[in-house]
Amino acid sequence: MKNNLLLKWRWRECWQGQLWPITLALSLIIACVFALSALVTRVDKIMVDQGRSALGADLVLVSNQQPISPDTLASAKKLGLTISQQTRIRTMAFSDNGMQLISLKAMETNYPLRGELQLDANPLTANAKTLTMLQHVQPNELWLAERLFNLLDVSIGDTVAIGDAELTVSGKIAEDPELSFNPFNQMPSAIIHLDDIAKTGAVVPGGRLSYRAYFSGPDSALNQLQQEISITASQRWLSEQSQGRSAEFINKAQQYLSLTLLLVLLMASATLVLTSQHYRNSQQSTVAMLKSLGASQAWLRRWLAGQLAMLFGLSIAIGISCGFLLEQLLRLPLTDLLPDPLPSIGFSPWLVSIGIALLVGLPSMGISLLHLLATPATSIIGQDTPTKKQYWAYSLLLLPLISLIVWFGNNKMMWLTLVGLAVILVLLGALGLLITKLLQQKRWGPAVTLALSRLNRSRVASMAQLGALTCSLMLLSVIWLLRSDLLNDWQQTLPANAPNVFAINIAPEQVDAYINQLDQWQLDHSQAYPVIRGRLTQRNDEVLQSVSPAVATKPETEADKEKDSALRRELNFTWLPQLPSHNEVLEGEWSTERGVSVEQDIAERLNIKLGDTLHFSVNSQSFSAKVNSIRKVEWRNMKPNFYFIFSPDVMADLPTTWLVSFRIDDQQTGLLNQLARDYATVSLLDLRSMATRIQSLLQQVAWSLTVLAALAVLSGLLLVLTLLRLSVSQRQQEIKLYRTLGASKKRISATLWAEYGLMALIAGFTAALGAQGIIAAVVKWGFELPVQPHFYLFITLPVLALALIYVITLSMFKQLLAPLRA
Amino acid sequence: MSDPVIKADHLVKQVSTANDTLTILQDVSLQVNAGESIALVGPSGAGKSTLMTLLAGLDVPSQGEIHLLGQPLSQLDEEARAALRCEHISFVFQSFLLIPTLTAIENVMLPFLIQGQDQDVARASQLLEQVGLAGRAHHLPSQLSGGEQQRVALARAFISQPKILFADEPTGNLDQQTASKIVELLFQLNREHGTTLVLVTHDQTLAERCDRTLKIAAGKVAS
């Protein structure tokens, strides 16, 4: 029975008493952390899945020249891993009508262990009613990349000679999991079964040869394998962490997720601290009364501990349920991306969200409650007896501090954010006070004068209030604007009309006709780019690599591997009278006199400066050009991009093929087929499905980010509202006194407006200033995006703050105006 | 003459501020007998309420000794003093001090909760009936008028059958008509329960209803 009453009491405190804002803040923390960590778990899973599908396995061991040792394979087998072996070689393929350097992959039937291999056995020309799609390679089959059918001029059933073997073409490779996103540098590939590689006789020492072992199995076994096996210099592991194209977007989205989570946590913790303090103030008389009725310290401790336990229990129940719903909401747009059935999120979101709520909640509430316990019994008679300071209570702050150190460790970015915020909080509070000081020196009406003097009187309290108000306004605008900046950047890099088909190997005499054809069909297309493959050999007097034409087929030496990847392979060069408009010149100026414009990253890596003379080699022909400009290239935009762009006089004489990219819609596949028929020697790289995939991924991630940002903004508003409500209710006694003394409604309203309006304006202005700084810093160093000013913040934030003040005072006005009870 | 339930000898209470030490009570001695009602009167700031907190064991004097129900308070620590209050002492406050989230009857039963006893609903209802609030047992304080709230506080004060009741300006927040009803009720319950009453008040007519009046002025007993 007695427990019943205690339970009822605690329950009602959570809902009707001063505790509901705390319950709300705590639930918010749990809901956000739960939803986000569940989402991150799933997004991680998608990334790993996508990465591994693109790899064809969970883990790959690549060995150049040397076959993978039987010991390695035995170890993998012992660990219970599934193994698929592959041999790759660059070799020539001959048909009756042509020959071509190809990348030959000889694989086992069980390849791929992850992802999808699709082999299309249908004749290319006939519109076969029954489609035969195969997933695995069998002995005596030969599958060719689509381009090879043109290059070798063969059809299904024809014979192609690879080395000593004569093989019959079985069909085309419709989808290879390992297809690179890079439309260039892609040597057309052919697939045969591993059993047939010996027949070709192409595996000879010194050939461009690599052996691969594909593994799949549990992560623990994969890790153990990597630990057990020491790889040689010519071997390397490939895992999903070797990033794909979409990884960058996801990475940025994840970075945004964790930053938002941190800010939401900070704002919710601030709400917790404030509401706990208010709870402490409001409960002091109750504790004193209970003490006067003879409640012992032990009883009070039990009472508060029970209250705390119920509060946490309730918040966990609400938080997890809301978090669960929120996760569904955030996941809604991601349905297509997520595997079906969904992998379980496991226990981590539960543990993490409850753990964080405890870490944040215990100190912010604990400190206030411990102070509350120390309330002297004499305060019931309104005697202002000083409370014994409970300094040790602050040791509770070690909880989140130590966890932060453990969690972030040496993540400089997060520490900088935290320390930066603390500094900004103090600076903004001080700036706000300075502004009020300055304002005070002018003559104002009575309401404003009174408000200014009150703000200046309790300096620490005003500074804390101003600082907190400013910071929350600032954080919520940071979250929202960061989202806009991020989405803007994505939209710009991959606009809805981004090109999705590349036509390469266009002969010079075909270019005009080809472009005309595209124009006739009104397809959006790029200009035509001449493409010449060659190498960078020398910078000024420094030789970067030998000019030997045989370099492409020579085995890689150790020294080769030390070199920058740009030096290890042939690059695509182009020459143009003008730089493309989508390339931004960072340094220098484009000129058409024996000049070359270099991409920013490669210039940095190879220490290339303006004015350097670079030497190049194309088909053993050497030439040089002077660096006239450094360009920034957006590689993600799917437009044709080049490391080196030359002025026409440097290389216009060299034999070249041309490239053009264009956009084609799904229903225009017929046009693509016609192009393929009319220009049989031109290779078409149809990236439509990939572009659509990236675009829809972006849209989906963007939607999730928007929901999240909205949530964060809501929690920020909750903080601001709590802050203002608490502050206004602290004024309640004073305002009631004015009313009792007969102050008119108008006068009271003017006083409130003057004080809070001033505070809102000052906080709004300083928050806009702070937000500009933070967004600029985070965008520049955190996300590496261009910085944009957001001047409208200087209007939006003060107006928003004023609107909030209006809502608060309006909702509390009636209560405030009631005269004091006699 | 019955034994004194409160006996204070040469009480001094000093409070240190940042600059100097204030003497709030100076050499106050008094004795209150069982069943007696005593009014502590005096102007604001005279030290009446401070004296009450000392006598009730809510605070400790700087000098002097208090015997409360025969026990020397200087020998008891805070917990022991709380245990003593829990068992034998009750309060009525100027600002009622009800728990806003508990109903009238639940507020009345609060002392049981602190004492760890079972809730005696029948007794609480009976007391509420005695103070004229039988029909409002399940209302929250916010739904009650000031006078009604003070009646709930009175019922709460008497439920644990205290030996001593301390009342600090019990009518201070009420209008005259309500105040006089509360005073009637207070003295009636006091009589019925045979409680010793220590009343702190400004109100001369209220003081006159007590057996004895003790005037406090500038920290000293002035009578």
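Glycine is no exception: its Cβ is also placed from the backbone N, Cα and C atoms.
Here the structure is a predicted model, which means the values were calculated and not measured.
Over in TrEMBL, the protein carries these features:
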type	residues	note
DOMAIN	A:261-375	domain 'ABC3 transporter permease C-terminal'
DOMAIN	A:707-811	domain 'ABC3 transporter permease C-terminal'
TRANSMEM	A:20-40	transmembrane segment
TRANSMEM	A:256-275	transmembrane segment
TRANSMEM	A:308-330	transmembrane segment
TRANSMEM	A:350-370	transmembrane segment
TRANSMEM	A:391-409	transmembrane segment
TRANSMEM	A:415-439	transmembrane segment
TRANSMEM	A:460-482	transmembrane segment
TRANSMEM	A:701-724	transmembrane segment
TRANSMEM	A:756-779	transmembrane segment
TRANSMEM	A:791-813	transmembrane segment
Counting only residues 6+ away from its ends, which parts of the chain sit with a Cβ under 8 Å from the transmembrane segment (A:415-439)?
259, 262, 266, 404, 408, 452, 455-456, 459, 462-464, 466-468, 470-471, 474-475, 758-759, 762-763, 765-767, 769-770, 773-774, 777-778
For the transmembrane segment (A:756-779) and the transmembrane segment (A:20-40), decide whether they are in contact, meaning at least 3 CB pairs lie under 8 A, counting pairs 6 or more apart in sequence.
no
Considering pairs 6 or more residues apart, do the transmembrane segment (A:256-275) and the transmembrane segment (A:350-370) have at least three CB pairs under 8 Å?
yes
Based on DSSP, tally up the residues of the domain 'ABC3 transporter permease C-terminal' (A:261-375) by helix, strand and coil.
96 helix, 0 strand, 19 coil
Among A:20-40, A:308-330, A:350-370, A:701-724, A:791-813, stretch most in contact with the transmembrane segment (A:460-482) (C-beta, under 8 angstroms)
A:701-724
With pairs closer than 6 in sequence left out, are the transmembrane segment (A:791-813) and the transmembrane segment (A:20-40) joined by 3 or more CB pairs under 8 Å?
no
For the transmembrane segment (A:350-370), what are the same-chain contacts with Cβ under 8 Å, counting residues 6+ beyond its ends?
22, 26, 29-31, 33-34, 37, 265, 268-269, 272-273, 276-277, 279-280, 304, 308, 311-312, 315-316, 319-320, 323, 390, 393-394, 396-397, 399-400, 403
Segment confidence, the domain 'ABC3 transporter permease C-terminal' (A:707-811), expressed as mean pLDDT:
79
Same-chain residues at least 6 beyond the ends of the transmembrane segment (A:701-724) with a Cβ under 8 Å from one of its Cβ atoms are 21, 24-25, 28, 32, 36, 39, 249-250, 253, 256-257, 260, 263-264, 267-268, 270-271, 274-275, 326, 329-334, 465, 468-469, 472-473, 475-476, 479-480, 482-483, 486-487, 490, 756, 801, 804-805, 807-808
Sequence-distant contacts of the transmembrane segment (A:308-330), meaning Cβ under 8 Å and at least 6 residues beyond its ends, amount to 7, 10-11, 14, 19, 22-23, 26-35, 38-39, 349-350, 353-354, 357-358, 361, 365, 369, 704, 707-708, 711
